[in-house]
Amino acid sequence: MLGGKKVTVVFVLGGPGSGKGTQCANIVEHFGFTHLSAGDLLRAEIKSGSENGTMIENMIKEGKIVPSEVTIKLLQEAMIKSENDKFLIDGFPRNEENRAAFENVTKISPAFVLFFDCSEEEMERRLLGRNQGRVDDNIETIKKRFKTFVDSSLPVIDYYTSKDKVKKIDAAKPIAEVFEDVKVIFAPYAPKVNYCFHLFFLHQHFLMDLCSLMFALAFYPYCTE
């Protein structure tokens, strides 16, 4: 429970360039989840000019790691304020400390972890392509990001794998094919059809068709004279 409501949380993890942002947008559109990015929430807090935002900005400038509790508080507030009860948390937890802190503070365990698995070669190709092939922007930086993901985030995936909570997606495939795999996983969360309304709608159409038929039969003798 969070803010008086039962919530469903899915952690979305994948290396830089794995395409998780694109797929999160598809999940939001088709399955009604709310997409929360830890990075976006931190940037929004900085932009707000709040005391908390200033503290976050100063820590980042000084090269310090923002404490897990700060990010988790922002995630909690966003979930409580939202009218939704289904959330994709993108790019978090980044490490084991994040993971343990999230579960300890929120008392929430994710329904599952959606892991976009993609080779470093493919992710590198995508990232360089995204930057119009500017190799100086920057293979070295990209390699560091890959290493950070492997060193920090893979242990989180290993932990949830041991709990049988990881849904792994082959993210090297084209976007449409990746989403077909995603749809299979999210099928239980598809919006429910309002069958009562659907039956009422069909019933009304049936009555209209029946009336039209009776009207036509009533006037048929006159039409054949």
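Any Cβ shown, glycine's included, is placed from N, Cα and C.
Marked as ATP binding site by TrEMBL: Gly17, Ser18, Gly19, Lys20, Gly21, Thr22, Arg130, Lys173. Marked as ribonucleoside 5'-phosphate binding site by TrEMBL: Arg43, Lys64, Ile65, Val66, Gly91, Phe92, Pro93, Arg94, Arg134, Arg145. Feature annotation from TrEMBL assigns CMP binding site to Asn98.
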Using Cα positions only, nearest of the binding-site residues to Gly91 (ribonucleoside 5'-phosphate binding site) (Gly17, Gly19, Lys20, Arg130): Lys20
Judged by other C-beta atoms within 10 Å of its C-beta, the most isolated of the binding-site residues Gly21, Gly91, Pro93 is Gly21
Express the distance between the Cα positions of Ser18 (ATP binding site) and Ile65 (ribonucleoside 5'-phosphate binding site) as a whole number of Å. 24
Nearest to Lys173 (ATP binding site) in three-dimensional space, by Cα, is which of the binding-site residues Arg43, Ile65, Pro93, Asn98? Pro93
Can you give me the Cα-Cα distance between Pro93 (ribonucleoside 5'-phosphate binding site) and Gly17 (ATP binding site) in Å, rounded to a whole number? 17
Of the binding-site residues Arg43, Ile65, Asn98, which sits closest to Arg130 (ATP binding site) by Cα distance? Arg43
If you pair up every Cα among Gly17, Ser18, Gly19, Lys20, Gly21, Thr22, Arg130, Lys173, the residues annotated as binding ATP, what's the maximum separation in angstrom, rounded to an integer? 17
Distance, Arg43 (ribonucleoside 5'-phosphate binding site) to Gly19 (ATP binding site) (CA atoms, angstrom): 21
If I take the alpha carbons of Lys20 (ATP binding site) and Asn98 (CMP binding site), what is the distance between them in whole Å? 19
Of these binding-site residues, Gly17, Arg43, Arg130, which scores lowest on Cβ atoms within 10 Å? Arg130
Across all protein chains shown, the binding-site residues Ser18, Thr22, Asn98 give the max Cβ-within-10 Å count at Ser18
I need the CA-to-CA distance for Ile65 (ribonucleoside 5'-phosphate binding site) versus Thr22 (ATP binding site), whole Å please. 27
